[in-house]
Amino acid sequence: MLRLSLATSAIALTIALASCAAPKEAVDVTTTTLTEAPPEADQVADATAFMARAEQELSDMSDEASLVFWAQATNITDETNAAAAEAGAKATKLAVSLANESKQFDIDTLPPELARKMQRLRSGITIPAPSTPGAADELSKITTDLDATYGTGKFNYKGKDLTLDELSTIIETSRDPEELKAVWEGWRTVSPPMKAPYARMVEIANEGAQELGYPSLDQMWLSNYDMAPEQMEQEVDRLWSQVEPLYEELHCYTRMKLNEKYGDDVQPATGPIRADLLGNMWAQDWAAIYDVVKTDTPGPSYNLTTRLGEKGYDAIRMVKTGEAFFTSLGFAPLPETFWERSMITRPEDREVVCHASAWDVDNMDDVRIKMCTEVNEEDFDTVHHELGHNFYQRAYKDQDFLYKDGAHDGFHEAIGDFIGLSITPEYLKQIGLIDESEMPPADADTALLLNVALKKVAFLPFALTVDGWRWDVLSGKTAPEDYNDAWWAKRLELQGIVPPGERPAGAFDPGAKYHIPGNTPYLRYFLSYVMQFQFHKAACEQAGWEGPLHRCSIYNNKEVGQRFNAMMEMGASKPWPDALESFTGTREMDGSAIVEYFDPLMTYLKEETKDQTCGWDAPAVE
Ligand code: X8Z
Ligand code: ZN
């Protein structure tokens, strides 16, 4: 599958095809019969032949381009950038020309199988170019340059050029507000040069989307969910309204603790939170400030980051441990080539795109990860996340090319994180990372849950911010001169956070987050963070678990593994509600599982914040 977004590569071309919604008038194939009028036999025969050729050509192109993209992402040089730009342009041209060719067939008269593939062919290009001569080349050059600018970005701090990993470590560990502000602002000096090319890219890609029959690219992205784009937006609103109260409570509690630590001058007790105090470069995961916000209740006596080090774990052992979780569920081990070809740690001798990704280079067996793994809890989670992509890719490898993909992109992101939710104290004991004597007692549950909430609940509005901002940019609602203000308006509205100081003219802060220059749609992570709890709850029920959800681990459970694999094997061959139903018994995405998971924590937080003025009074953003 030429799915060159994050699940496979950093270059912004996804011929990932994920839906059944028609470009202008979306059709929900879960409820609509596409074959009411018997199609002309000739049309079907022609469409079948066209599709066979299209899948073959895309598959060949994918094999070729993936290797070029891998070479660039694991060794950024002028040459590899040029080769990647060329391969990207070639792949875009092919994808666009096939999508345009497919217009000769009337989707509504084709048999459902063929209609589904035809639809995926049309809506699945992440950054489409119009067929105007030169457009695909210009677009590909821009996306490759954006990617390389981000990948090689550095900031000179105290006389040393620091990479994003090094700057991130300071944001995670420093408790000096001046240092935090300097480093936070420093990383954002990397992105202003991206602003003009980004605006040009939006212009070209929108022309591409329009040529394919969509009003703008945001609508094309939203057409990849087996329903009309407007309906999908409503779904997102519905899910957010389910989980928003969780976030508001966590925000209120965290702000209170930050105010206690830093005082009113640094973090006032009311209003938004200062973004650089939250332990993450983008304030998307707050687990690094656990020590600052921890509860007064008893907590676990161990720290997973420290423990991994004490037990002699290195990056490879972390990945082996992740693999062992999957094999404990009945999945076949990773192939030898995974170990030979993956990039598991940052190479010393060259520039690489460090942002973690998982690749399916030949759409068959050549799966790999690319990570700059460090021995800590965060990367232990990320290892499971990335392996989730690889095991999904292997599970659907026998599907037709256009179905070698997630049921929707949120499924792809949720597989590994769902496994990660089973990294419980009991599991850590089973694999020897902690002793029986260190098993946290029941009264440590609040503290354990807070640690997970700082990763998972804090993330939800961030994910909506990224694509909320981007949809407005792509639809033309936000003009280039307003990019940065619109970004901070969304950050304030949804996350209740503000920058540590005034932003300079020319700032392009969205560009300092990988997925903006990398052109990876971000709604997928919001969906994943909701659905991974749905998967977890369903799995724990299948396992007959009766305790609290956060203590449940499905490690070693072959029955759950078999049912999970059955969903994974489907790939994108059926509308996503079918896949969801096969594992969870429900056809709807639903936030009630994450709400249930954190229920004991929310009771605690509400009590702790009862004297606070929660919320941050942001003016609503239209
Ligand atoms: O980009 C990723 C993965 C690769 S798909 C490492 N994630 C998002 C991010 O880092 O912003 C996982 C969580 C959200
Ligand atoms: Zn991912």
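Using N, Cα and C of the backbone, Cβ positions are placed for all residues, glycine too.
For 1-21, the entry in TrEMBL reads signal peptide.
Annotation source TrEMBL lists N-linked glycosylation site at Asn75. Under 8 Å, Cβ to Cβ, and six or more positions away along its own chain, Asn75 (N-linked glycosylation site) finds Arg350, Glu351, Val352.
As annotated by TrEMBL, chloride binding site applies to Tyr225, Arg524. For Tyr225 (chloride binding site), the count of additional Cβ atoms within 10 Å of its Cβ stands at 29 [all protein chains shown]. In the three-state DSSP scheme, Tyr225 (chloride binding site) falls into the coil class.
Around the Cβ of His385 (Zn(2+) 1 binding site), a 10 Å sphere holds 25 further Cβ atoms from the protein chains shown. The Zn(2+) 1 binding site annotation in TrEMBL covers His385, His389, Glu413.
TrEMBL lists His385, His389, Glu413 with the feature Zn(2+) 2 binding site. According to its DSSP assignment, His385 (Zn(2+) 1 binding site) is helical.
The active site, proton donor 2 annotation in TrEMBL covers His515. When other Cβ atoms within 10 Å of the Cβ of His515 (active site, proton donor 2) are tallied across all protein chains shown, the result is 23.
Here TrEMBL flags His515 as active site, proton donor 1.
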- Query: Cα distance, His515 (active site, proton donor 2) to Glu413 (Zn(2+) 1 binding site), nearest Å?
  - Reply: 14
- Note on the structure: Cβ neighbour count (10 Å, all chains) around Glu413 (Zn(2+) 1 binding site) is 28
- Message: I'm trying to understand the geometry here, so how far is the Cα atom of Tyr225 (chloride binding site) from the Cα atom of His389 (Zn(2+) 1 binding site), in Å to the nearest whole number?
- Response: 19
- Note on the structure: What DSSP gives for Asn75 (N-linked glycosylation site), in three states, is coil
- Where does Arg524 (chloride binding site) sit in the DSSP three-state scheme? helix
- Message: Suppose we screen the recorded positions Asn75, Tyr225, His389, Arg524 by Cβ distance to ligand 1 with a cut-off under 6 Å; which survive, in sequence order?
- Response: none
- Task: Take the C-alpha atoms of His385 (Zn(2+) 1 binding site) and His515 (active site, proton donor 2) and report the distance between them in angstrom, rounded.
- Result: 16
